[in-house]
Each structure stands twice: as C-alpha cells, then as structure tokens.
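First comes the structure, then the notes that go with it.
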Amino acid sequence: MDDDQGLGRRRWQLAALLSAPLLWLGVAYLGALAVLFLSAFWTVNGFTGEVVREFTLDNFRTIVTQEVYRNVTLRSLGVAIAVTVICVVLALPMAFYMAKVASPRTRHWLVIAILTPLWASYLVKAYAWRVLLANDGPLDSVIGTPGYGLFAVVIVLTYLWLPYMILPIYAGLERLPDSLLEASADLGGRAGRTFRGVVLPLLVPSIFAGSIFTFSLSLGDYITVQIVGGKTQMLGNVVYANVGAANNLPFAAAIACVPVVIMVIYLAAVRRSGALEEL
Amino acid sequence: MRTPAIHLSGLRKSFGAVEAVAGIDLEIDDGEFFSMLGPSGSGKTTVLRLIAGFDRPTAGTVSLSGREVTKLPPYERDVNTVFQDYALFPHLSVIENVEYGLKVRKVPRKQRRERAEQALAAVRLADFGARRPRAMSGGQRQRVALARALVNRPKVLLLDEPLGALDLKLREQMQVELKQIQRDVGITFVFVTHDQDEALTMSDRVAVFEAGRIAQVGTPEEVYERPASPFVAGFVGTSNLLTGAAARTVVGRDGTFSVRPEKITIGAEGAPGTVSEVIYAGPVTRFVVDLDAGARMVVVEQNRRAGKAQRGDRVQLTWQQEHVIEIGGDRAA
C-alpha cells in the first residue's frame with residue numbers, strides 16, 4: 001500500500017513537472033503549425049479581403065502552375081544548397097584545425113571567435129554586409145563588389161550560418177579518437193587518404209546535423225534577401241509580401257508549406273541513406 | 001654482424017617542460033619478442049610512438065633495419081601498430097578494416113580479399129569478416145587489430161598494452177596466442193606493458209623503464225634474478241630489500257640485498273621475526289614478516305601442508321645463500 005501511494009505521488013510530481021512544457025509543445029508549437037496547415041487550404045474573398053474558411057486546393061494549384069512561384073522555389077532551393085555546400089567546404093578545414101591541430105589555448109580562442117558573431121544582431125550583421133558590398137564601398141575599392149543580388153545573398157547567408165556548420169563538425173571531430181587517424185597513417189594512409197577514408201565518413205552525421213541548420217535557415221530567409229538581394233525574391237519574401245501588402249494570409253501559409261515540405265523530404269532522404277545509423 | 005631491426009640512439013622527447021624520454025640507446029634484434037616494461041609515465045609508450053613515427057623525437061635517431069627513419073612520417077615506415085584502444089574503424093566491417101592497409105598500398109582487390117581472409121583465419125576470426133567492430137567483444141576486437149596490422153607483413157609489429165582492456169582469463173589466453181603468432185610469422189614484436197608477469201612470460205628480452213630511461217635490459221631471467229637497481233627489483237616482482245643495519249645483521253655485510261619471496265622458507269632456524277599479515281591466494285599463501293633486524297619480508301609458500309603460521313606468530317626465515325641478490329652487483333653474499 002505504501003509503495004502504491006509513493007508511486008502515485010511520484011506520478012503526480014512527474015505530471016506537474018511535464019505539464020508546462022507539454023502544454024507549450026501542444027498548444028503553442030504544434031497548434032500554430034496546425035493552424036498554418038489548415039489556413040493554407042482557405043482562400044481570401046477578392047472584394048472584402050476576408051478569409052473564406054472553405055477547403056480548397058487553389059493556393060497549391062497556383063504555386064505549382066505559375067512560373068513565378070516555381071522559379072522562386074527553385075531559386076530558394078539553389079541558394080540553400082549553395083550556402084550549405086560552401087559552409088561544409090569552409091567548416092571542414094576550420095573545424096579540423098580547431099579540434100586536432102591547434103593547442104588547447106588557441107582552440108579556446110577560436111571557439112570564442114566563432115561564437116561571438118552569434119551574439120551580434122542578425123540585422124546589424126546583414127546591414128554591415130550591405131555597406132561592405134555597396135558600390136564604392138570598402139569591398140569595391142579593394143577587389144570589386146558583386147553588387148546586390150543573388151550572389152550577395154549567398155555570401156551573406158554563408159557568413160551568417162557558418163558557425164552552425166562549424167560547431168557540429170568540431171564536436172564530431174572532438175569525439176573522433178586521434179588513434180583512428182594514427183592507425184590510418186600507420187597502415188600507409190597519407191593525409192588525403194585518411195581524410196577520405198576515415199575522417200569524412202565518420203563526420204557524415206555531424207555534417208548532416210550542420211546542414212539541417214544552414215539549409216533550413218537559408219530556405220526560409222527573407223531579411224538578408226531584402227537587405228542585399230536587390231530585386232531577388234525568395235520564398236520568405238513571397239510569404240512576407242502576402243502577409244503584408246497583399247493581405248492574403250492563406251496564400252502566405254501555402255507558400256510557407258513549401259520549405260516545410262522540402263525539409264521533410266530532405267530529412268527523410270538523410271534517414272533513408274542510413275548515414276545516421278553508421279555510428 | 002647482423003643489422004638490428006630497430007636501433008635507437010640518444011633518443012629524447014620533451015613535451016613542454018616534461019622530458020618523457022630522457023636519452024635512450026637500444027638495439028632490438030630481428031625476430032625478437034621485446035618488451036618495454038615500466039610504470040605509467042615512464043616513457044615506454046612514447047618510445048613506441050617515436051618508433052612508429054606518430055611523434056618526432058626532440059633529439060636522437062630511430063633506425064629500422066639500418067635505415068634512418070627519424071624524420072619520416074608513419075606511412076613511410078615499415079612498421080605496424082596494435083593500439084591500446086585497438087583503433088578499429090567503426091564505419092568499416094571487420095574484413096574492410098583488415099584490408100585497409102592493402103587497399104592503401106593498391107594491392108589488387110582479389111589478392112587483397114584473400115590475404116585479409118587468411119589473416120582473419122590466423123587469429124581465428126574467419127567467420128566474422130562481415131561484422132562491424134562494435135558488434136565484437138574486447139578479445140575479438142583485439143584480434144582484429146592484430147590481423148589488420150599483420151596482414152601488411154611489416155618488419156616490426158608494435159603493440160601498445162594490447163591486453164590491457166581484457167579480463168584476466170582472456171589475457172592469459174591471448175598471451176599464449178600472441179607468443180605463438182610471433183613464432184609463426186617470425187617478425188619482431190615490440191610489446192609495451194606495465195604488467196611484469198606479462199613481460200616475463202612472453203619476452204625474449206625485457207627493457208625496464210624508469211623515468212624516461214632504461215634501468216635495465218636483459219632476458220626475463222636476468223632481470224628477475226639479477227636486478228640492476230632497487231627500482232628494477234621492486235618493479236619486477238617483490239623486492240624484499242635488505243639495507244643498512246638489516247643487511248649487516250641478516251646478510252653479514254653492508255650493501256643492498258634482495259631475496260625473492262618464493263626463495264624463502266619459514267623454518268626452525270634463521271632470521272627471527274613476527275608474522276604481521278597472512279594473505280591466502282589459492283595455490284599459495286603470502287606471509288608478511290617483520291624481521292627483528294628491521295626489514296619487512298614477503299614470503300610465498302605453496303599451500304601443500306596444513307598448520308600454517310598465523311598472524312602474530314614468531315617465526316624464523318631461512319634461504320640459501322645463492323638466492324641472496326646483491327643489487328647492482330653479481331649474485332653473491
């Protein structure tokens with residue numbers, strides 16, 4: 001009897017402890033997502049501007065059939081892929097140096113150097129790049145500026161999300177025992193061979209973890225695009241325009257579903273490849 | 001004169017202010033089973049890493065079969081290593097692990113598979129090729145690591161405390177197997193261990209390390225029976241040191257002497273003392289006896305007779321004169 005009572009009380013304590021986070025997850029997090037999905041199937045009355053709560057696939061039909069939206073989707077996808085690939089290429093040697101070459105002291109400072117930009121406001125950093133990339137700006141007077149546009153968007157997004165790629169790869173390398181690298185060298189493997197044969201395969205989960213950040217953050221971005229993108233439009237801008245000027249919330253919701261669907265497909269592909277089960 | 005498989009000359013290695021290896025000269029013969037024995041931090045593993053090429057010495061040279069390799073990277077040295085943590089590649093299957101060295105050296109696929117299968121069969125893991133290392137037990141992983149190194153037919157195999165993580169039973173079994181494999185393949189084994197039993201059982205010769213230097217090199221028998229210093233006597237076996245007044249009373253002259261525990265009998269005559277501890281250990285019993293002359297002696301007796309000495313008993317210890325070792329000198333008394 002005493003045991004039963006004790007168990008019951010512990011259950012209550014557990015329930016009390018978890019109720020707040022569960023409420024948040026259920027109502028605020030999943031609830032908002034559900035409303036988003038639901039409203040994507042509604043429309044707006046062209047005259048009154050009021051939301052018509054009737055199920056229709058019109059919004060999605062528009063996205064798929066109209067070339068503008070297809071182009072915006074492909075452009076966003078291209079930018080997200082480019083940013084992710086550049087981040088991987090930059091992060092790998094950087095993280096490797098931090099985890100395996102640098103002295104503990106240098107490593108310490110490098111981690112701080114990578115984390116500090118994250119403390120600064122996103123807007124400030126984006127505007128800093130606007131100044132950098134301006135005609136007759138600092139970059140222009142040294143090597144020439146690509147000007148505002150798609151290329152500038154890729155540069156700035158890469159700059160913004162690079163820490164999110166470096167940190168998981170760095171953590172992955174820290175977990176990688178030095179003896180594996182030594183074993184490869186011992187068996188005749190030069191640096192390149194060791195990197196391709198041992199380091200890279202073991203870092204796949206870390207790279208995927210980082211890519212989920214860089215990919216999804218790039219896919220949904222609209223502020224950087226507005227600041228340095230010139231006339232470039234990405235999915236986020238279309239959402240923003242439909243929420244604001246066009247006042248078509250259902251269509252904005254439908255557009256917002258596009259990156260969500262792309263991310264779900266990406267995660268499913270990662271899972272299917274079995275890359276995350278290797279370790 | 002034959003060229004030694006390994007020749008170390010004036011070898012030093014410092015890490016910052018710490019001198020891990022403080023001047024080592026050593027020759028290891030071709031086909032020898034050579035052990036480096038010492039407490040942790042005595043520099044034995046560092047010497048192994050200098051031979052393998054993972055670290056560069058601060059001073060001195062490393063030569064393999066007469067060729068100086070001091071500045072060469074590990075992948076240009078004809079040695080292979082069995083790591084303490086085995087260092088098997090977790091993303092590769094067992095057979096792929098064993099094939100790795102051959103693949104790097106561009107051995108054709110068919111030949112590579114054949115040799116890897118032979119190597120796995122040699123360590124009795126023929127049917128385990130498709131498994132992942134993490135699905136293997138500690139002893140099996142250890143054998144995979146051995147196969148992965150031996151398949152490359154190196155001139156020298158370096159083993160860094162390879163049995164350290166195994167339980168006692170498996171350890172003893174692997175000691176016998178390792179020795180057999182070494183005899184079969186006939187290559188030089190350099191074996192790092194802190195376990196004196198292991199070093200004594202397996203080796204042709206043993207180097208005892210103390211604080212970055214070699215305190216003594218010799219056959220197991222030489223190192224055990226004629227230790228060059230009190231440190232060696234204490235590290236290889238129980239030393240039972242007699243110094244100062246105790247030496248004068250018991251041995252009859254000044255010096256540092258040692259009598260191994262198994263050479264002492266508890267009898268009716270000899271040096272008197274009191275039993276302070278009785279430790280039963282299955283086949284033998286260890287007695288700790290405080291001699292009246294002022295030394296503490298450990299005596300090991302086989303458990304063949306009943307009526308052993310008890311704690312607090314007055315006893316007398318005897319041994320034959322030839323079993324008294326004068327440390328740093330010849331066996332004499």
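Cβ atoms are placed via backbone N, Cα and C, with glycine included.
Curation does not apply to TrEMBL; its annotations are automatic.
If one looks beyond the transmembrane segment (A:12-42) by at least 6 residues along the same chain, the residues whose Cβ comes under 8 Å of a Cβ in the stretch are 51-57, 59-60, 249-250, 253-254, 256-257. Sequence annotations record features per position, and here TrEMBL assigns transmembrane segment to A:12-42 (among others).
The domain 'ABC transmembrane type-1' feature in TrEMBL is assigned to A:73-270.
TrEMBL lists A:77-97 (among others) with the feature transmembrane segment.
Through the fold, the transmembrane segment (A:109-128) approaches residues 97-98, 102, 156, 159-160, 163, 166-167, 170, 223-224, 227-228 of its own chain, all at least 6 residues removed from its boundaries and within a Cβ separation under 8 Å. Feature annotation from TrEMBL assigns transmembrane segment to A:109-128 (among others).
The list of residues near the transmembrane segment (A:148-173) in space but at least 6 beyond its ends in sequence, with Cβ under 8 angstroms from a Cβ of it, reads 75, 79, 82-84, 86-88, 90-92, 94-96, 98-100, 111, 114-115, 117-118, 122, 125-126, 129-130, 133, 199, 202-203, 205-207, 209-211, 213-214, 217-218, 221, 224-225, 227-232, 234. Per TrEMBL, transmembrane segment is recorded for A:148-173 (among others).
Per TrEMBL, transmembrane segment is recorded for A:194-215 (among others). Under 8 Å from some Cβ of the transmembrane segment (A:194-215) lie the Cβ atoms of residues 80-81, 83-84, 87-88, 91-92, 96, 161-162, 164-169, 171-173, 176, 180-181, 184-185, 263, 266-267, 270, 275-276, 278-279, all in the same chain and six or more residues away from its ends.
The transmembrane segment annotation in TrEMBL covers A:249-269 (among others).
Below 8 angstroms of C-beta separation, residues 110, 150, 153-154, 157-158, 161-162, 164-166, 169-170, 172-173, 199, 203, 207, 210-211, 214-216, 218-219, 234, 262 of the same chain, each at least six residues beyond the ends of the transmembrane segment (A:77-97), sit close to that stretch. Through the fold, the transmembrane segment (A:249-269) approaches residues 36-37, 39-44, 51, 59-60, 62-63, 69, 73, 76-77, 212, 215-216, 219-220, 235, 238-240, 242-243 of its own chain, all at least 6 residues removed from its boundaries and within a Cβ separation under 8 Å.
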